[in-house]
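Structure record follows, encoded as C-alpha cells.
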C-alpha cells in the first residue's frame, strides 16, 4: 500500500501540493487534472524521485525520505517521453543497465532481458539502435526496462500522449495486462474508464476521489 501523510510540496515559494492525506490500495489508479495542478509532481513523490517539504510518503511501510534505493526497486516509473529513459544506444544494453547497476547475475540479466523483449515483440531489435525505434516501440522498451526490475508498483506519466492511435492502443493493452499495481497520470479519459479509482487534482489538492464513472464526468464538468 502507498500512504501519503500530510504531504506538502513546493518549488521555492510556490506551493504545488497541499496537505495531502491518501491511502492507495487499488490495483488500477488514475490521476487526472488540468496542466500545472500538481499531478506529475505527486507521481514523482510516490517513488522517491522527489521528497516532500512536509509530511511523509510510505511504500509498504518504507519512507521515501530514508529508503530511497529500496523504494525505487519496488516502484517503477515510466516517463511521458521514453527518450528520457534511454541510457545506452543499443536496445539490449539499455534494458540490462538497471540490473547491472543493482548487481544482478549475468544469467538473470540475460533471462529477464530476453523475456522482456519477447513480451512486446522487440526481440528482433535487441542489437538495434534504441533511438531508431518507433514511438510506440520506445514506450514498450521503457515499460520493459521497468518490468525487468520486477517492481510491485509501476507509475506511468502520460504514457500515450505522444503516440498515434495504433501505438496508443498497443501501449494501453500492455499496461492493461500488467500484474503489478498501476498508477497512471493521463489526459486520455477513455483509457482510464476501466480503472478502479480516479483522483482528480486541482490547485494542488485532490478535489474528487471516486470510481471512473463518477470521477471522470465530474472532471469534465469542472473543465467546462
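Quick reminder: no glycine exception, Cβ is built from N, Cα and C everywhere.
Among the features that Swiss-Prot reports, ATP binding site is placed at 33, 34, 35, 36, 37, 38, 39, 40, with the record citing sequence analysis. Marked as domain 'ABC transporter' by Swiss-Prot on the basis of sequence analysis: 2-224.
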I'd like the Cβ neighbour count for residue 39 (ATP binding site), meaning other Cβ atoms within 10 Å of its Cβ, all protein chains included. 26
Other Cβ atoms within 10 Å is the metric here; tell me which of the binding-site residues 34, 35, 40 scores highest. 40
Same-chain shell around ATP excluding 33, 34, 35, 36, 37, 38, 39, 40, C-beta within 8 angstroms of the CB centroid, reads 201, 202
Secondary-structure category, per DSSP, in which residue 36 (ATP binding site) falls: coil
Under 8 Å by Cβ from residue 38 (ATP binding site), counting only residues of that chain that are 6 or more apart: 9, 16, 17, 201, 203, 204, 205
Would you count the other CB atoms within 10 A of the CB of residue 37 (ATP binding site), including those on all shown protein chains? 21
Return the count of C-beta atoms lying within 10 angstroms of the C-beta of residue 33 (ATP binding site), excluding that atom itself. 25
Cβ neighbour count within 10 Å of residue 36 (ATP binding site): 12
